[in-house]
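Novice: One structure, pasted below without further comment.
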Amino acid sequence: MAKLNNMSKEFHTLEDFVGTHFIYTYDNGWEYEWYCKNDHTVDYRIHGGMVAGRWVKDQEAHINLLTDGVYKIAWTEPTGTDVALDFIPNEHKLNGTIFFPKWVQDHPEITVCYQNEHIDLMHESREKYDTYPKMVVPEFAKITYIGDAGTDNGETIAEAPYEGMTDDIRNGNYYDENYRIIKKDGHKYAKCIIFCGKLNK
C-alpha cells in the first residue's frame, strides 16, 4: 500500500501546484478528481453529480498563480461548458464555478463518456441543442486528497470512474509508489496512456 495522500504539502509557487493530483467534494455533494498535468493542461474525472462518469484527458486550460499559494484555473470545453476554479490548497479548499449550457443540463447523459473519443459528438450536440439560459453552479469544495503525480503522468487519470475509486486512491490502493496504476483485470485503460493530445474549445 503506497502512502500517497500528502495533505500536509505546502503550496507557494506555480511549480508547487503543477503536477499535483486532487480529489475534492463540493458542498452540494459532487465529487471531482482533478490533475494539473502541466502548466497548460488538465485531466479530470467526475465521481458525483449531474455528469458523474465523465472523464477527460489533456484539456487545455489557463493556469495561474494569483498570490502565494492561491491558484486560478479556467477553461472552455468542447461541450461549450465553461469552468473557473480557485484553489487554496494550503487550506484544503477551493471555489469552483461551472457554467453549463442548457443542452448539458437537459441531456447530461450525452457528456458522460471518455470525452476524448467523442469530440465530434460534443461539437454536434452543442450546435443541435440550446445553449441558453446557462446553468451556473457556484460552490465551495473541500479537498480530501493531494497527490504528487508529477508532470505529464498519463497514468494519473487513465480509466473511467468506478464506485469506490476515490476511496481506493485515498487509501493507497490505486497507484504504486511511483504513481503508476496498479492494473486490475477487467478494467479498460486509455489507449493513449502517455499523452492523448490537447483539447481546445
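In case you wondered, yes, glycine gets a Cβ from its N, Cα and C as well.
Automated prediction, rather than curation, is the source of TrEMBL annotations.
In case it's useful when we look at the structure, here is the feature table from TrEMBL:
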ACT_SITE  Tyr32  active site, proton donor
ACT_SITE  Glu77  active site, proton acceptor
Novice: Near the Cβ of Tyr32 (active site, proton donor), how many other Cβ atoms are there if near means within 10 Å?
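Specialist: Excluding its own Cβ, the number within 10 Å is 24.
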Novice: Please report how many Å separate the Cα atom of the residue listed as 'active site, proton acceptor' from that of Tyr32 (active site, proton donor), as a whole number.
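Specialist: So the Cα of Tyr32 (active site, proton donor) lies 16 Å away from that of the residue listed as 'active site, proton acceptor'.
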Novice: If you run the three-state DSSP split on Glu77 (active site, proton acceptor), which class comes out?
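Specialist: DSSP call for Glu77 (active site, proton acceptor): coil, neither helix nor strand.
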Novice: Within 10 Å of the Cβ of the residue listed as 'active site, proton acceptor', how many other Cβ atoms can be counted across all chains shown?
Specialist: 24
